[in-house]
Amino acid sequence: MSQQIYPVPAHAKEHSHLTPADYARMYAESVEQPEVFWAEQAKSLDWVKTPTKIKNTSFDAHHVSIKWFEDGELNVAYNCIDRHLAKRGHVTAFIWEGDDPHSHDIITYHRLHDEVAKIANGLRKLGVGKGDRVAIYMPMIPQAVYAMLACARIGAVHTVIFGGFSPNAIADRVNNCQAKVLITADEGLRAGKHIPLKDNVDTALAEHDCPSMEQVIVFKHTGSHVSWGKDDVWWHDLTDGCSTDCPPEVMNAEDPLFILYTSGSTGQPKGVVHTTGGYLLWASITHKYVFDYKPGDIYWCAADVGWVTGHSYIVYGPLANGATSVMFEGVPTYPDVRRIGQIVDKHKVNILYTAPTAIRALMAHGDFPTEGISGESLRLLGSVGEPINPEAWHWYYTTVGQSRCPIVDTWWQTETGAAMLTPLPSVTAMKPGAASHPFFGVQPALVDGQGNELSGATEGNLIITDSWPGQARTVYGDHERFVQTYFTTYPGTYCTGDGARRDEDDYFWITGRVDDVLNVSGHRLGTAEIESALVSHNAVAEAAVVGYPHDLKGQGIYVYLMPNEGVEITDELTKEVSNWVRKELSPIATPDLIQWSSGLPKTRSGKIMRRILRKIAANEYEQLGDTSTLADPSVVDTLIEQRLNR
């Protein structure tokens with residue numbers, strides 16, 4: 001790991017929100033007197049009823065309960081839109097850049113208000129009300145944000161489904177949360193390719209029983225022909241004549257705001273529930289301090305609203321702070337790898353927040369991504385989704401940031417709501433690849449496999465010892481799964497599932513997942529979900545999926561397969577199985593390497609030893625550790641001999 005230290009640049013200290021002394025004082029108060037600290041921070045939101053009960057939380061596995069501001073009342077959409085109108089209604093909320101470089105739009109806060117009110121009234125016309133679930137399967141267009149905020153305005157609970165997911169994944173999520181309405185578009189656009197969103201929805205509803213689904217709202221984005229059913233309604237028809245006046249529903253701070261599905265290590269995705277008050281405060285306060293955001297900044301989070309980064313740092317955090325954000329439909333490499341730089345120059349972007357995968361994709365082209373690009377407007381860079389390797393950090397810092405922009409390398413999860421470990425641009429000297437220090441209220445610790453806390457410079461399992469306002473409250477419809485997943489491994493603490501090390505300067509470095517969840521290009525994928533898709537193919541008897549180091553994606557997907565008897569292994573079959581996963585689950589889940597084998601390493605009780613498979617996939621087969629419980633050690637020798645990642 002790099003131990004090179006980059007001091008805080010002088011310009012980052014000027015007019016900043018925090019000095020190192022401010023951070024030390026505020027952090028101490030946030031962990032020593034959380035009720036006092038968070039009551040003060042909550043004043044940054046507009047409340048219908050100011051909360052007096054600030055923190056009521058328990059990590060006891062017999063009674064896991066997380067409540068913040070529980071007697072407070074507010075509306076998220078009001079906080080993100082209405083309260084800005086009097087003084088900032090004319091200010092741009094979103095600069096939208098289409099996949100096609102010639103497509104763009106400007107959405108002011110006034111226009112955002114009117115568009116959200118119309119679709120909110122449209123939803124009310126369809127009978128959607130407080131507590132109803134609405135699925136959103138949209139491209140990266142402003143209407144995706146309008147739909148999310150419309151749900152928040154009327155008290156409906158949204159679940160955004162990433163536009164790259166398959167019909168099966170759509171149906172699973174719709175059925176799990178019993179969504180009443182689904183909002184989609186005719187098609188999406190990505191790198192010039194048309195993504196058949198409406199067709200995917202049609203397939204999901206035709207091939208699966210989705211009894212809760214009553215209506216599908218379709219936004220006309222590309223204008224391509226789509227099939228039509230009796231339960232379909234065009235967005236423009238629904239909103240035509242709808243009023244731009246839509247009184248916001250008064251919500252309790254602990255009412256659910258959204259459900260977002262994240263991969264679990266035991267098969268079915270988990271519907272992580274975030275609530276209204278604590279989440280909004282957490283998203284907004286982290287956006288303000290992590291990015292040192294100030295009015296007038298042009299801020300760009302290059303994520304997708306289908307993931308939590310898009311929820312917190314495209315929609316809720318920036319809008320609560322009255323920010324101006326860039327929203328980008330396309331990919332960093334289309335039409336060519338200078339697209340990011342061109343958008344930065346075109347809109348004079350000051351803050352750029354993207355994923356190591358995107359950084360590595362651009363880095364592969366050397367200096368070309370910045371050829372003809374000024375980049376002089378940039379003052380801050382950010383990284384999210386997975387640990388950034390020092391080589392990519394250096395390229396980002398020198399080539400994109402011109403060796404003058406601090407990098408905030410943030411660690412957090414769907415379940416944490418927003419940033420947890422992060423440098424602060426005016427406070428933290430940077431170490432390439434380090435997530436650095438905890439944000440206000442976050443109390444990290446490292447423990448060994450038995451749960452004993454480790455002190456000093458060490459490596460272990462990362463836990464959080466107390467609650468924070470943006471913490472997920474439960475898994476939708478399955479609180480026991482929430483408890484078992486996060487609170488039983490190391491009782492009395494939140495188990496992140498990540499490993500980390502702490503250096504002699506108390507900087508935290510994330511070392512990767514310790515469970516069976518992969519982090520592919522910043523997207524979390526459950527190995528069990530991929531294995532389930534693989535074994536549903538008629539040629540596959542058994543499957544085991546592990547991650548391995550991948551230059552571009554961070555983690556690649558390495559698949560071990562046992563064929564059914566009589567199946568002939570061919571290149572065509574391998575390609576077919578790969579495409580099968582792509583269709584059943586998502587293009588993101590497409591295997592990088594598929595190794596066929598007559599056997600898998602199993603214990604005598606029949607459990608696959610994935611630890612060994614991970615070592616082989618990573619070419620670390622000389623460090624297999626204890627293999628005494630293997631039923632047939634010769635299987636391992638064969639797998640090593642035939643390994644694909646040489």
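Glycine residues also receive a Cβ, built from the backbone N, Cα and C atoms like all the rest.
Feature annotation from Swiss-Prot assigns CoA binding site to ARG190, ALA191, GLY192, LYS193, THR309, SER521, ARG582. A simple way to gauge crowding: the CB of ALA191 (CoA binding site) has 12 other CB atoms within 10 angstroms, across all the protein chains here.
Counting only residues at least six positions away in the same chain, the Cβ atoms of VAL290, GLY382, SER383, VAL384, ALA419, MET420, LEU421, THR422, ALA435 sit under 8 Å from the Cβ of THR410 (ATP binding site). Mapped onto three states, the DSSP output places THR410 (ATP binding site) in coil. The ATP binding site annotation in Swiss-Prot covers GLY385, GLU386, PRO387, ASP409, THR410, TRP411, TRP412, GLN413, THR414, ASP498, ARG513, ARG524.
Marked as Mg(2+) binding site by Swiss-Prot: VAL535, HIS537, VAL540. When secondary structure is read from DSSP and collapsed to three states, HIS537 (Mg(2+) binding site) falls in the coil class.
Annotated N6-acetyllysine per Swiss-Prot: LYS607, in sequence order. Reduced to three states, the DSSP call for LYS607 (N6-acetyllysine) is coil.
Ranking the binding-site residues ARG190, GLY192, LYS193 by Cα distance from THR414 (ATP binding site) puts ARG190 first.
Of all the binding-site residues given, namely ARG513, ARG582, the one with the smallest number of surrounding CB atoms inside 10 A is ARG582.
The number of other Cβ atoms within 10 Å of the Cβ belonging to THR309 (CoA binding site), over all protein chains shown, comes to 24. Ranked by Cα separation from VAL535 (Mg(2+) binding site), the binding-site residues ALA191, GLY385, ARG513, ARG582 are led by ARG582. Between the alpha carbons (Cα) of LYS193 (CoA binding site) and PRO387 (ATP binding site) lies a span of roughly 30 Å. Taking the Cα atom of each, ARG582 (CoA binding site) and LYS607 (N6-acetyllysine) are about 26 angstrom apart.
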